[in-house]
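Structure record follows, encoded as structure tokens.
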Amino acid sequence: MRRSARCFFKVAVLGASGAIGQPLCLALVQNRRVSELRLYDIISPLGEVIDLSHIPRKVKVTGYTIKEIRRALEDADLVLVTAGIPRHPGMFREDLFNANKYVIQELSVEVAKHAPRAIIGIISDPLNSMIAVAAETLRQAGVYDPQKLCGLTALDTLRAKSMLADFTGKDPELLHFPVVGGHSGQTIVPLFSQSGIRLTREEAEYLTHRVRRGGDAVVNAKKGRGSSSLSAAFGTADWVDCVLKALDGEEGLVRSTMVESPLFPEKALFFASPVEFGREGVKRVLPLPPMNEYEEEQLDRCLADLEKNIRKGLQFIAAKPPD
């Protein structure tokens with residue numbers, strides 16, 4: 001029997017005033033499983049708090065800034081990290097890493113202090129490296145739990161479904177297949193063969209390229225005014241709903257998510273694939289489905305790049321451990 005929502009989960013959004021944070025908070029205030037929504041940013045999110053308070057929902061919305069981060073995090077069930085700068089036209093992955101690595105390190109230190117048992121969803125880019133920064137920071141604080149730390153790759157799944165639907169004329173809501181690997185460039189591997197739609201190798205190559213360049217298309221079209229904020233917020237809100245349902249006792253809830261994975265332990269410590277969630281967070285990592293020759297080739301290339309990205313995050317913490 002399906003259980004009714006208990007509506008008691010406390011969710012903290014770090015970077016709530018940002019381009020992803022604002023639409024994400026709008027979506028979360030409508031989630032009936034969220035009883036308290038805490039907005040944190042280095043610039044006071046008071047305006048966003050007042051704005052959201054005008055929406056007639058039972059959820060309690062509060063705002064916090066730098067000196068109040070403890071209050072934002074204490075007893076939180078779920079912490080979403082969307083802080084840092086977004087990608088701009090002409091920006092290289094290295095630039096984004098250097099800009100955001102200290103942000104993720106500092107916020108991970110605070111989460112370790114004030115919300116060590118919370119499930120953590122990292123959204124900030126470059127995700128392949130940022131999840132490693134967060135994990136190693138939590139590990140050094142003695143609170144790392146692989147069941148609790150997740151990198152959110154929902155946006156890749158949304159893009160793959162939308163682009164396949166656009167290409168074939170199918171209903172995107174009826175398409176179900178995973179996107180695995182990482183969250184940048186050739187680490188993104190859509191498994192179109194699992195959609196039930198037969199594609200030629202050339203068609204699969206074309207669609208895979210479109211998915212991988214989806215973020216570039218948005219950044220270039222916005223001409224320096226932001227990145228994929230709306231679709232990222234939508235995908236994150238769906239992931240949050242899945243996780244909160246699992247925390248509330250519902251079973252069989254699966255989303256493609258980047259976690260510490262047993263699938264390729266000697267190549268990539270963190271890997272995005274279908275993950276089942278439970279009351280404690282990650283319940284199990286599902287086996288990868290069968291892949292065609294093209295997808296296997298892409299997976300091999302993915303693992304080589306992904307390993308480098310993860311190593312970059314680990315090396316940063318090794319060179320500059322948290323104070």
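Each Cβ is built from the backbone N, Cα and C atoms, and glycine gets one as well.
Listed in TrEMBL for this protein:
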type	residues	note
ACT_SITE	HIS183	active site, proton acceptor
BINDING	GLY15, ALA16, SER17, GLY18, ALA19, ILE20, GLY21, ASP41, ASN100	NAD(+) binding site
DOMAIN	10-151	domain 'Lactate/malate dehydrogenase N-terminal'
DOMAIN	153-316	domain 'Lactate/malate dehydrogenase C-terminal'
GLY15 (NAD(+) binding site) - helix vs strand vs coil (DSSP): coil
Spatial neighbours, same chain, of GLY15 (NAD(+) binding site) - Cβ under 8 Å, 6+ residues apart: GLY21, TYR40, ASP41, VAL81, THR82, ALA83, GLY84, SER124
Tally of residues which DSSP labels helix, strand or coil - the domain 'Lactate/malate dehydrogenase N-terminal' (10-151): 60 helix, 28 strand, 54 coil
Same chain, 6+ residues apart, C-beta under 8 Å of the C-beta of ASN100 (NAD(+) binding site), given in sequence order: ALA83, GLY84, ILE85, SER124, ASP125, PRO126, MET130
C-beta crowding around SER17 (NAD(+) binding site), within 10 angstroms: 23
Longest CA-CA distance among GLY15, ALA16, SER17, GLY18, ALA19, ILE20, GLY21, ASP41, ASN100, per record bound to NAD(+), angstrom: 16
In the chain carrying HIS183 (active site, proton acceptor), residues 6 or more apart in sequence that have Cβ under 8 angstroms from it: ASP125, PRO126, LEU127, ASN128, GLY151, THR153, LEU155, ASP156, MET258, ALA272
Reported mean pLDDT - the domain 'Lactate/malate dehydrogenase N-terminal' (10-151): 96
Mapped DSSP class for the residue listed as 'active site, proton acceptor', helix or strand or coil: coil
Which same-chain residues, if any, lie at least 6 apart from ALA19 (NAD(+) binding site) yet have Cβ under 8 Å of it: PRO86, GLY226, SER227, SER229
Cβ-Cβ neighbours of GLY21 (NAD(+) binding site) (radius 10 Å): 26
